[in-house]
Structure formats: structure tokens, C-alpha cells
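*Asks:* Take this structure first; my questions come after.
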Amino acid sequence: MKLPIYLDYSATTPVDPRVAQKMADCLLVDGNFGNPASRSHVFGWKAEEAVENGRRQVAELINADPREIVWTSGATESDNLAIKGVAHFYQSKGKHIITSKIEHKAVLDTARQLEREGFEVTYLEPGEDGIVTPAQVEAVLRDDTILVSLMHVNNEVGSINDIAAIGELTRSRGVLFHVDAAQSAGKVEIDLQKLKVDLMSFSAHKAYGPKGIGALYVSRKPRVRLEAIIHGGGHERGMRSGTLPTHQIVGMGEAFAIAKQEMAAENQRIKALSDRFFKQVSDLEELYVNGSQTARVPHNLNLSFNYVEGESLLMSLKDIAVSSGSACTSASLEPSYVLRALGRNDELAHSSIRFSFGRFTTEEEVDYAAQKVCEAVNKLRELSPLWDMYKDGVDISKIEWAAH
């Protein structure tokens, strides 16, 4: 077993070797390096063929028409294009948008920008399981609502929204529905022939493809119109200009093709690993699972270890790569906005760690990580006066701390 161990697959995944090989064939002078927009010679034609093959592979994973796939630089751009594109195109119909408080920043910051432009945004608060219900959406739909934007799988806690039911609701009311599927593609089955979803964002690097490439599904029936946010040579039917990066697209296509073949078996393997890890740490006292216990992807396990600082635990796990629910790493001491929205208090939010498992995780790594977590939590609690007080039966929430 090699150290350090990577258990942060929700942040990014390594590129699958099969994907890297396909990408390498599109870079050098004796490879498929042409510009897909070059219409007058074989180098361009070959590149265009590779791009269209990648488009078909992405469409096949989600059961869409390849013509509904628009290439972007990643899920952040896809979210921006979907939300701003709809808002600007349909603003004469209304200026009200619905989203939730636990979306990715790519959605939340885009919504904030639209608020500055005069749009009105309703931010729904999920239940403590991290799920937004169709009833919640229905309660805030208005005649001037033009878009609902909700994630499929939450990136911090792994809970799965019922996008099928929400889609039925939005379609019946004539409201467009955008879904951020960055964390669900390749993990949860997506069938866009059945789902009433108008726009869906995808990322390659969350599914063993390269960084810097993503896609936006834009429904043709019913047809969705977007106003472009990047202008130029009119690539991607004018929705997203810029020379297409053949090697990236080939990589994303291959990654999605592999996901389609291996998803069912891989999900079972990951669930076994996640259960194995949880079983070994579940003897720890004051351990809380964040997010839904049932509607969740097995790849993500977000745990709060009460009376332990998330940052201290991260530092103690020096040869295990995980991420903390509190964003101290990004120079702020604010606890995770997602966990706060789920109703977790600051202490539990600050003591959370996200473990995420993936294609190259082994049983040996999981066992090692679980052992190290138990050792670190017990050691840190031994040093904690709050833990001593809790063990002595003192209700810490009732203590009035003196200001200093």
C-alpha cells in the first residue's frame, strides 16, 4: 500500500489510464491534433469525427440525443451558461428563480449575480437530510418563475434529490428545470428520455476524465433557448464559442463510456468499501452522519466527530487526503454553509470530515484510514477539556462562557 492515501474523490478524480491513452493520441504531430472547425482538410475532419464520437459517448451515458450536448470548460461554466442563459433569454416572461441554500458555489454565486441584475431568487432550505422536496418547490413556484436550479447529488454530504418528481412538477407548470449533475454522472443512473429536465451540467474530472472540460445538456424537445455568455466563432451552435479541445473531449467521452459500462458493479464495490469503513469507526462515541442515511451515494461519507476540531483531525491524518466540512483551508473560519443549512450547530459543522471513495480505493486503504481516524479522534479527545466535561455529564450548551 502506498502512502499518502487519497480519499477525496468528491474533489477530483485521477484520470483513468484508458482515458489518458485516448487523449494522448490527439496531441502530437502524428496524432489527431487538427482543429475540429477546419472544414477544408482531413486533419479537421478527423478531429471533428473524434469530437462527435465524444459527444455521442456523453449522450449515451445519460440517454440523450448527441445534438443536446454542448461542450464547456467544466460544470462551473455549464451552470453559468444554463442559469444566466435562461435568465437573459426568458426575462420578458419573468424574473423569479428558485434554488437551494446547499447548491455548489457555481450556482449560488451565479444566482447572486442575477440578483444584482434585478432578478429575484428564492433559496430553499433543505431538510436535515440534505434533500429538497417537490412540495417545497411547489410552495414557492409563482407565475413569474422562469427557472428552478437544483443539484442531483450534493457534493459535501452525498444526498440525492428526487429530480424525477421535481421535474414532473416544473414541467406541468411550464417552468424550466436545471440540474447540476457534476456529482451524480457515473454514480447514479440518469435517463433524460424519462426525466423532465431541461438543462443538466456535467464535469469530466469528477468521473475519471480530465479537468477543464464539461458539458451542458440542453433539451431539444421541448426546445430550450439560451443566450450565450461566451461569444466568438459561433462554435456549438452559437451557444459556446471557442476552439474545441479535441483531446479533452475525447477524454470526457471515454470516461463517460467507461462509467456506463462499469457503474453498476463499481457502485456495489464502493458501497462495500464505504460500509466497511463506517463499521470500523462507528464505535466512536458522539459520531454523526451528515446528510441522508438512505437517499445517498455510497461514494461520499460525511461524518462529524463531536468535541474534535475538523482542522486538528485533518492535521492528525497527515497521510490521508480528506476534506474538512469547515472551510478553514480557504482562509475562513466559517463552518460549512451546507452543514449549517442542514441545521448542524457550529460545533458539529466544524468537526466534520468528508471521506470520499473511488475507483482506485482498496480495502487495505480503507482499513488503514479507519484505524488512523479512530486513533486520532481518541487522542484529540484526550486533550480536550470539553470532552472531559461532556464525560462528566456537564451540559456544555448551557455554559455561559466569559468574554475575554
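All residue numbers here begin at 1 and follow the chain in the order shown.
Each Cβ is built from the backbone N, Cα and C atoms, and glycine gets one as well.
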*Asks:* Per Swiss-Prot, what member of N32, N155, N290, N302 joins A75, T76, Q183, S203, A204, H205, T243 in binding pyridoxal 5'-phosphate at one site?
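*Replies:* When Swiss-Prot describes the pyridoxal 5'-phosphate site, the candidate it includes is N155.
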*Asks:* Should K206 (N6-(pyridoxal phosphate)lysine) be counted as helix, strand, or coil on the basis of DSSP?
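*Replies:* DSSP assigns K206 (N6-(pyridoxal phosphate)lysine) to coil.
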*Asks:* In whole Å, note down how far the CA of T243 (pyridoxal 5'-phosphate binding site) lies from the CA of K206 (N6-(pyridoxal phosphate)lysine).
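*Replies:* Computed Cα spacing between K206 (N6-(pyridoxal phosphate)lysine) and T243 (pyridoxal 5'-phosphate binding site) is 23 Å.
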*Asks:* Near S203 (pyridoxal 5'-phosphate binding site), which residues of its own chain have a C-beta under 8 A away, given they sit six or more steps off in sequence?
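*Replies:* Those within reach of S203 (pyridoxal 5'-phosphate binding site), by Cβ under 8 Å and sequence separation of 6 or more, are G74, A75, S78, A182, A185, G214.
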*Asks:* Tell me, if you would, which residue among T76, N155, Q183, T243 (binding-site residues) has the fewest other CB atoms within 10 Å in the structure shown?
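*Replies:* Among the binding-site residues T76, N155, Q183, T243, the lowest count of other Cβ atoms within 10 Å belongs to T243.
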*Asks:* Between the two most separated Cα atoms in A75, T76, N155, Q183, S203, A204, H205, T243, the residues recorded as binding pyridoxal 5'-phosphate, what distance in Å do you get?
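*Replies:* Max span of the pyridoxal 5'-phosphate binding residues, Cα based, is 30 Å.
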*Asks:* Helix, strand or coil by DSSP: which one applies to T243 (pyridoxal 5'-phosphate binding site)?
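*Replies:* SS state of T243 (pyridoxal 5'-phosphate binding site) = coil.
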